[in-house]
Amino acid sequence: MGFITKAIPIVLAALSTVNGARILEAGPHAETIPNKYIVVMKKDVSEESFSAHTTWLSQTLNSRLMRRAGSSKPMAGMQNKYSLGGIFRAYSGEFDDAMIKDISSHDDVDFIEPDFVVRATTNGTNLTHQDNVPSWGLARVSTRKPGGTTYYYDPSAGKGVTAYVIDTGIDTKHEDFGGRAKWGKNLVDQMDEDCNGHGTHVAGTVGGTKYGLAKGVSLVAVKVLDCEGSGSNSGVIKGMEWAMMDASGGGNGTAKAAGKAVMNMSLGGPRSEATNQAAKAISDAGIFLAVAAGNENMDAQHSSPASEPSVCTVAASTKDDGKANFSNFGSVVDVYAPGKDIVSLKPGGGTDTLSGTSMASPHVCGLGAYLIGLGKQGGPGLCDTIKQMATDAIQSPGEDTTSKLIYNGSGK
C-alpha cells in the first residue's frame, strides 16, 4: 500500500468549447464513473449567480423528468455543491449527455470534467529527544546525516495546531494518539472507523505520541476513501471543502484559525483541474497542504492534487537517501521525505510497516505542524520555509527534481 492512486500520465484535454465552457475528458486509463461529472464555475461568478444557476439546473432537470416519465431511469442530478473561500464554486452529480450539453452552454460555467476514482497513495537549544526511534524517518528528519536512531525536537511538538487527515479515517481510540484524535466528517459511509488502515498509519506519522513528528498536534479525521482505499474525485473535493470550512472556523471551528491548521492528502488520481483549483483555494485561505507525489515512477505533473503548484508536493526517499523506486518525480516536487518501510499505527492497536509517497507526505504535514508550533508562519509559504531548511541529500532524485530532504532544524 502507499499513495492510493492509479495515477497514470494523463493530461485532461478539452473536447469542445461551447460559449466559453470547456468539456474535458480524462485519458484512456482513468477510471471514470459513468454519467458522473464535476461542473466548475468561472472565477468571477458571484454566490448569487451560482445560486441562480443551480436553481435553473434543478428546474430544467425536473422539467425533463416530467416529459420523459416512465421512459428511462432518471439521472440523480446534482449531488454535491462546493464553495471554497469564494474562489472555487462548483457542483457534481449524475447527468445525461443532453443535460451536459445544456450545462456547457451556460455562460457561468468554466469547464466540466468527468468524475473518476481516486485512491490512497500507498506501495533547537531547548530540545528533547526520543531514543531508539521505532521508525527511521523520525531520526532522519532531525539529523543532517542518515543512520541516526534518535529524534530531536522542541517540546512544543505542534501543540495548538490542528492537522486534518483527508484519507480513509483514523482509529481515534488508538492509544498512541493519547486522546488528541477526533472524527471530523465522514463522506463515504455510516462507519466512523478506519476499515482500511491507511489513514491511521498516515495520522500516526503526523502526530502519534511515539510514531509522529508533531507529538502534541490535534488530529481530525476526514473520511473520503472507503475500506478498499478508493473514492470519487467529487467526494474528495467535498472533504476538502469541509476541512477548509472547519479550519477557517466555518464548521466546528476545530483549528480556530486557518494559520493554525495543516492538511494532508496521501491520495491522488489523474490530473484534475477541479481538484487542483480546490487545493489552491485551500492554500489561498492560508492553510498548509501537504500532498503525496504518487507512486508510478513518473512525472508528478500528471497527477492531482500533486500537480497543483500552491501545495507542498512530497516525493519518497529511502533509508540511504535515495529516491524510492516507486516515487514520482519532476519539477512539481517540492521536497523529499522518508517513504520506504515506514513504521506507524494500525487500527485496533499495534503497528504496520508501509511504503509509498503516502508515507512521505505526512512527514511533511507533521513538520509543518511542528514549525507552526514553534512560531513559523503557516499557510502555503510554509512550504518555502521547509524547502529552505531542507538538506541537499537525495542521490539521483530524478529528472528535473529537487534533491532536498526535509529537516526540522534541530542543529544535529
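Note that Cβ sites are derived from N, Cα and C of the backbone, with glycine treated the same way.
Annotated features in Swiss-Prot:
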- Asp167: active site, charge relay system (ACT_SITE)
- His198: active site, charge relay system (ACT_SITE)
- Ser358: active site, charge relay system (ACT_SITE)
- 36-120: domain 'Inhibitor I9' (DOMAIN)
- 135-412: domain 'Peptidase S8' (DOMAIN)
- Asn252: N-linked glycosylation site (CARBOHYD)
- Asn264: N-linked glycosylation site (CARBOHYD)
- Asn325: N-linked glycosylation site (CARBOHYD)
- Asn408: N-linked glycosylation site (CARBOHYD)
- 1-20: signal peptide (SIGNAL)
Between His198 (active site, charge relay system) and Asp167 (active site, charge relay system), how many Å separate their Cα atoms? 7
Taking helix as H, G and I and strand as E and B in DSSP, count the residues of the domain 'Inhibitor I9' (36-120) in helix, strand and coil. 29 helix, 33 strand, 23 coil
A correct count of other C-beta atoms within 10 Å of the C-beta of His198 (active site, charge relay system) gives 31
So Asn325 (N-linked glycosylation site), by the Cβ count within 10 Å over all chains shown, scores 12
Between Asp167, Asn264, Ser358, Asn408, which of the recorded positions has its C-beta surrounded by the fewest other C-beta atoms within 10 Å? Asn408
Asp167 (active site, charge relay system) and Ser358 (active site, charge relay system), compared by Cα position, are separated in whole Å by 10
Closest of Asn264, Asn325, Asn408 to Ser358 (active site, charge relay system), Cα positions, glycosylation sites only: Asn264
Tell me the coarse DSSP state (helix, strand, coil) of Asn408 (N-linked glycosylation site). coil
Rounded to a whole angstrom, what is the C-alpha distance between Asn264 (N-linked glycosylation site) and Asn408 (N-linked glycosylation site)? 18
Residue pair Asn408 (N-linked glycosylation site), Asn325 (N-linked glycosylation site) - Cα distance, angstrom, rounded: 25
